[in-house]
Amino acid sequence: MASDLAAKAKEAFIDDHFELAVDLYSEAILIDPNNPLLFSDRAQANIKLHNFTEAVADANKAIELDPSNPKAYLRKGTACFSLEEYQTAKTAFEAGSKLAPEDARFTDWIKKCDKFIAEENGELPTQSDAIPASAVAPSSTTKDAEQVKNISNEMITATAKPKYRHEFYQKPEEVVVTIFAKGIPANNVSVSYGEQILSVTIDVPGEDSYIFQPRLFGKIVPARCRFEVLSTKVEIRLTKAEPIHWTSLEFGENKLVVQRSIVPAGNQRPSYPSSRPTKDWDKLEAQVKKEEKDEKLDGDAALNKFFRDIYKDADEDTRRAMSKSFVESNGTVLSTNWKEVGSKVVEGTPPDGMEMKKWEF
């Protein structure tokens with residue numbers, strides 16, 4: 001029975017056996033998948049294990065099943081705060097506070113969120129520690145506080161079953177994530193967004209749930225994100241908070257500071273991730289021109305290049321003189337003096353020892 005498994009999970013949690021508690025709650029959820037308390041309690045166990053992305057997913061599911069559960073909002077806010085998703089955390093705490101106004105924990109957390117949001121916006125000096133020990137829930141122990149402080153900059157990896165393949169591409173203003181799930185009804189797909197979190201759950205009856213929940217490379221604007229369930233895939237469009245180029249979809253410790261993208265006027269084709277080096281075509285063109293200029297020629301090639309350069313840099317009268325004299329003399333005379341050749345037919349002048357010969361047609 002699910003209730004028996006839940007009771008054992010609570011005992012394991014009390015004894016600080018958090019991994020066992022998560023496993024027992026998971027077994028109970030398989031039996032009773034519509035019980036919001038199971039998801040809410042598993043979220044708390046995941047928070048203890050620092051599985052914050054999984055905790056957010058559990059809290060979101062609990063809220064979906066029972067929007068009147070203040071504990072679910074508290075746990076979502078706590079997990080988001082640890083992920084430095086301060087605005088998302090504040091929204092969750094505010095929703096929980098409306099349901100349980102007598103619970104002072106919500107007020108304390110909202111104040112902490114306001115402080116960190118102000119620091120992010122440059123309104124207050126940034127402290128040396130991302131999350132001080134005092135920033136844990138009032139009921140937490142000093143040990144828990146130190147753990148939260150130490151993992152504040154930890155790389156959060158998504159726990160996703162390799163059931164469906166996914167890929168992404170980006171434009172200057174948005175990232176498009178595609179999950180290749182064929183024939184999934186729209187009501188079986190749940191997508192939610194945080195400041196820097198994407199949470200996707202696909203529930204197919206009789207199968208394990210697919211959960212894809214990465215911490216994203218950069219921040220997004222949740223209110224402007226959207227998704228669409230198609231016949232062969234789930235397409236998710238994430239609006240970037242800043243027009244920067246994402247070198248990957250997921251956040252990592254080796255994240256680099258990248259330059260802002262320059263957004264040109266009009267439409268721009270999406271940039272796909274590629275390992276091929278880009279070419280500087282302007283540099284290549286300049287190099288070719290320099291090689292042509294420096295090219296050493298001899299014989300007829302050098303002579304032809306000499307005449308081409310004269311013709312290219314000449315004025316209109318000089319060009320006319322060169323063309324007229326060359327054509328009328330059958331290639332034996334090349335004059336640059338238009339006054340001399342412009343008013344008469346230029347007769348051919350063969351080289352010494354040779355004579356002109358007219359061809360019969």
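Placement of Cβ uses the backbone N, Cα and C atoms for every residue, glycine included.
Remember, TrEMBL labels are computer predictions, not curated facts.
Looking just at the repeat 'TPR' (36-69), the mean pLDDT is 92. Annotation comment: TrEMBL describes 36-69 (among others) as repeat 'TPR'.
What TrEMBL records for 70-103 (among others) is repeat 'TPR'.
Summarising the annotation, TrEMBL assigns region 'Disordered' to 127-146.
According to TrEMBL, the feature domain 'CS' maps to 161-250.
Positions annotated as domain 'SGS' by TrEMBL: 271-361.
In terms of DSSP helix, strand and coil, the repeat 'TPR' (36-69) has 27 helix, 0 strand, 7 coil.
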